[in-house]
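Below is one structure; the comments refer to it alone.
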């Protein structure tokens, strides 16, 4: 069933997001620098100039790039799952199915994840001395700048964890003392200062209506090379391009209303919390279900490491839940980025979660006791049948306005029959 749902998800995302009319997906890719420097403009500028040079339909380029990046992430997860991951988790809502059921395959989400993966692999190569410091530093900054110029979400999903890992690696030249770690963290921050500067610049260059209209006009001029589109021949931009003119802060009001919303008797924030925790439980249970003979972690220790990574990632991504209402999309970023980080580092001797046990010393006894109980529950084994049922029943709706029907439609079975 999961395979059928997976295939249907790919075909449905392609069929529903393949033209300029699909202004939040294809339209996001086509943001360019025709009206001046603006956030998210790098890929669209490349596609724009490539279209002029080759005459290739830009909408087809968007589809090809999106599917290629999705395939690369899928291949990586399948390659690593032989050692670490239950195959059902890969095809579940916390894996590759999440972006499909939320309609985000033809967006820049997998661009962000691919660039994060590239930086993680470079950091691992640097740690193993296959790369020297200067080339690794240049490549990580270059890739990260590309990520931020493509989609500023990269600054939340990737930058914090890259700084933390780089700081930890630098600290290994000394020892694991807290002071040494903080020195390593400061050095990592300085190493990534060019990327952080670009991130600040992009957050400032949000765009305006003039830039949005200039981008729209640039594609109107190439209408002969594109498929038929009502929005292309209209006089004004729409979707992601139009959103460049959105006044900062307008999303806060929408976010605030979520905290006052109910889906029948269910308080919507509580429904999202339960959904997120169920997904995290499934994600952690999926680690360690395959052959573990050559791995330095036992199952519980591996899951503790994954829980630590997930905790860091949800803190880093948390601002997105205030800045936007695509809650299903943010959860997919959380789960998939955690998967990639853990699968890159889990077979190294570098990350040993026992070295982080001193964090308990910073907690009051009552909180520490609760933390340990929660950790033990989240990282415990799950009966195979329970795991299968959780995979089938876990649905992650796309938007913040959670409802029972949205949840049912986002489950693998509900999505398969197209509720």
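These residue numbers are counts, starting from 1, taken along the chain as shown.
Note: Cβ is positioned from N, Cα and C throughout, glycine not excepted.
The transmembrane segment annotation in TrEMBL covers 61-79 (among others).
What TrEMBL lists as transmembrane segment is 84-104 (among others). Long-range contacts of the transmembrane segment (84-104) within its own chain (CB-CB distance under 8 A, at least 6 residues past either end) are made by residues 2-3, 5-6, 9-10, 12-13, 16-17, 25, 70, 73-74, 77-78, 110, 279-280, 282-283, 285-290, 292, 295, 302, 326, 328-329, 331-332, 335-336, 339, 342-343, 346-347, 387-388, 391, 394-398, 410-412, 415.
Proximity of distant same-chain residues to the transmembrane segment (110-127), defined by a Cβ-Cβ separation under 8 Å and at least 6 residues beyond the stretch ends, is recorded for 43, 65-66, 69-70, 72-73, 76, 99, 133, 136, 139-140, 143-144, 146-147, 150-151, 153-154, 157-158, 161-162, 165-166, 169, 172, 333, 336-337, 340-341, 344-345, 348, 350. Residues annotated as transmembrane segment in TrEMBL: 110-127 (among others).
The annotation transmembrane segment is assigned in TrEMBL to 156-172 (among others). Residues 112-113, 115-116, 119-120, 123, 126-127, 140, 144, 147, 180-181, 183-189, 191-192, 195-196, 199, 309, 312-313, 315-317, 319-320, 333, 337, 341, 345, 350-351 of the same chain sit 6 or more residues outside the transmembrane segment (156-172) yet have a Cβ under 8 Å from a Cβ within it.
Residues annotated as transmembrane segment in TrEMBL: 184-203 (among others). Tertiary proximity for the transmembrane segment (184-203) is limited to same-chain residues at least six positions away from its ends with a CB under 8 Å from its CB atoms, namely 39, 137, 140-141, 144-145, 148-149, 152, 155, 159, 162-164, 166-174.
A Cβ distance under 8 Å defines the sequence-distant neighbours of the transmembrane segment (266-284), meaning residues of its chain 6+ beyond its ends; these are 89, 92-94, 258-259, 303, 306-307, 310, 327, 331, 334-335, 338-339, 378-379, 382, 387, 390-391, 394-397, 400-402, 404, 407. Residues or ranges marked as transmembrane segment in TrEMBL: 266-284 (among others).
Here TrEMBL flags 305-324 (among others) as transmembrane segment.
TrEMBL lists 330-346 (among others) with the feature transmembrane segment.
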For the transmembrane segment (305-324), give me same-chain residues lying six or more residues beyond its boundaries with a C-beta closer than 8 angstroms to one of its C-beta atoms, as numbers and ranges.
153, 156-157, 159-161, 164, 251-252, 255, 280, 283-284, 287, 297, 330, 333-334, 337-338, 341-342, 345-346, 351, 353, 356, 375, 378-379
